[in-house]
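Feature list (source: TrEMBL):
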DOMAIN    8-202  domain 'YjeF N-terminal'
BINDING   56-60, 117-123, 146, 243, 291, 335, 408  (6S)-NADPHX binding site
BINDING   57, 113, 149  K(+) binding site
DOMAIN    210-461  domain 'YjeF C-terminal'
BINDING   407  AMP binding site
Ligand SMILES: NC(=O)C1=CN([C@@H]2O[C@H](COP(=O)(O)OP(=O)(O)OC[C@H]3O[C@@H](n4cnc5c(N)ncnc54)[C@H](O)[C@@H]3O)[C@@H](O)[C@H]2O)[C@@H](O)CC1
Ligand SMILES: [K+]
């Protein structure tokens, strides 16, 4: 996993003070990283348009123009006059080289967006909005320097933002790149070193971006085993029984030795799933909430107080009963609307979904601080997992998963690992990665995925 930071100004400052690197040197490395990327990946392209603002993001762009001059047909567009001292210095350097400054935008082979970086501190005016809209309308390959212009430090987009194919971000990963809104703008993200290795530049952080290698699949490492060695998950099926059956099916395919669906009515289940009317004596984990609908409160309370690992989803986020278990080691997997209800029930905030979506990295830590034993997974374009003030982002999700039943599969995967003895955080991290990797491997199209297709891909991981 890789560290994520809310801000990097203090890390830049640490570089000046601790390693005696100058701002000029850092900027040279920033621009050099973009130049190397272009030389290595787009050597056959001819024209490059670099669009610069008045601050140091613009200065990165002006420096880049100098580095690529002569190798490519480089044109600089200055959206406003160089303001920061670094921008002015870099500008004098390109003037000395007679690099062409243009007043009209055009569809170059590559566009590099250096309009605003981390210094964006107010809404875009009409001129900047129009400029970004024009750049977005071009078919050029689009590179964002540090962060696509228009995304602020909270990962919010007020009107428009540059739609990058790739973002080359300076020094370290920033939280703002991983808001749900940012997902449509950042493209692929790579980190540029600023004169020292990344591990030297970075300090401690409690936020992490998950990599594929963080997925710890339940491969068997003991030969002497039987079905009881891999746990028994009970999935409580409610009114909408399909949800529970999907979860149970996913759980069985993800390695749980036994899976039972708990339901008072007799169900017609696939042969590998068992049915029980009450929680099994030997169950090692419970999944509850999906498709639950109306139910007997006392019965659910009894299940929630059973001393085994639990994953709770869906309908229970609208019931005050949930507040009774928040001091247990449990897993909660709400989508944004359910999380808003949960925040209200536990008196943290009374907010609408839009407010949450604009501030996911604010409300998730608030919840975790109040309930450190809970492992929370907030669904979204970029899934956020949090436990005891540590936060993990899974950015592998895609629109393929935006279908009914995907969440039930995820609950089943988490339940399966809990039943097999994983702790809450490990279950959630591995299940979430497996869920998104399976969706990524589904190669038909991005609209037709069925829960059964997803489970089929899980089987192939
Ligand atoms: N500090 C350093 O050592 C380094 C900084 N670097 C670059 O510097 C960037 C940050 O530079 P700055 O702090 O100068 O900020 P920016 O270059 O992001 O922009 C700030 C400038 O834009 C103006 N501005 C902000 N919002 C505006 C809006 N909505 N409409 C019009 N004007 C607006 C500000 O008044 C200021 O002049 C980073 O994103 C990165 O690209 C990199 O070169 C790496 C090293
Ligand atoms: K930018």
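The chain as shown is numbered from 1 upward.
Just so you know, glycine gets a Cβ as well, placed from its N, Cα and C.
A quick note: this is a predicted structure, and the numbers were derived from the prediction, not measured.
A map of TrEMBL features onto the structure.
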residue: 56; record: (6S)-NADPHX binding site; Cβ neighbours (10 Å): 26
residue: 57; record: K(+) binding site; Cβ neighbours (10 Å): 26
residue: 59; record: (6S)-NADPHX binding site; Cβ neighbours (10 Å): 29
residue: 113; record: K(+) binding site; Cβ neighbours (10 Å): 31
residue: 118; record: (6S)-NADPHX binding site; Cβ neighbours (10 Å): 21
residue: 121; record: (6S)-NADPHX binding site; Cβ neighbours (10 Å): 8
residue: 146; record: (6S)-NADPHX binding site; Cβ neighbours (10 Å): 25
residue: 149; record: K(+) binding site; Cβ neighbours (10 Å): 27
residue: 335; record: (6S)-NADPHX binding site; Cβ neighbours (10 Å): 16
residue: 407; record: AMP binding site; Cβ neighbours (10 Å): 23
Do you know offhand how many angstrom separate residue 146 ((6S)-NADPHX binding site) and residue 57 (K(+) binding site) by C-alpha?
8
Measuring C-alpha to C-alpha, could you say which of the binding-site residues 57, 113, 149 are within 10 Å of residue 335 ((6S)-NADPHX binding site)?
none
Among the binding-site residues 56, 113, 149, 407, name every one whose Cβ is found under 6 angstroms from ligand 2, counting any of its atoms.
113, 149
Rounded Cα-Cα span from residue 149 (K(+) binding site) to residue 118 ((6S)-NADPHX binding site), Å:
9
Those binding-site residues in 57, 113, 118, 407 whose CB falls under 6 A of ligand 1, listed in sequence order:
57, 118
Would you kindly give the Cα-Cα distance separating the residue listed as 'AMP binding site' and residue 59 ((6S)-NADPHX binding site), rounded to the nearest Å?
45
Which one is it, among the binding-site residues 56, 57, 113, 121, 149, that lies nearest to the residue listed as 'AMP binding site' by Cα separation?
149
Around the K(+) site formed by 57, 113, 149, list the extra residues of the same chain whose Cβ is within 8 Å of the site's Cβ centroid.
51, 53, 58, 61, 114, 115, 116, 117, 144, 145, 146, 147, 148, 162
Based on DSSP, name the secondary structure state of residue 118 ((6S)-NADPHX binding site): helix, strand or coil.
coil
Alpha-carbon distance [residue 113 (K(+) binding site); residue 56 ((6S)-NADPHX binding site)] in Å:
12
So, three-state DSSP: helix, strand or coil for residue 149 (K(+) binding site)?
coil
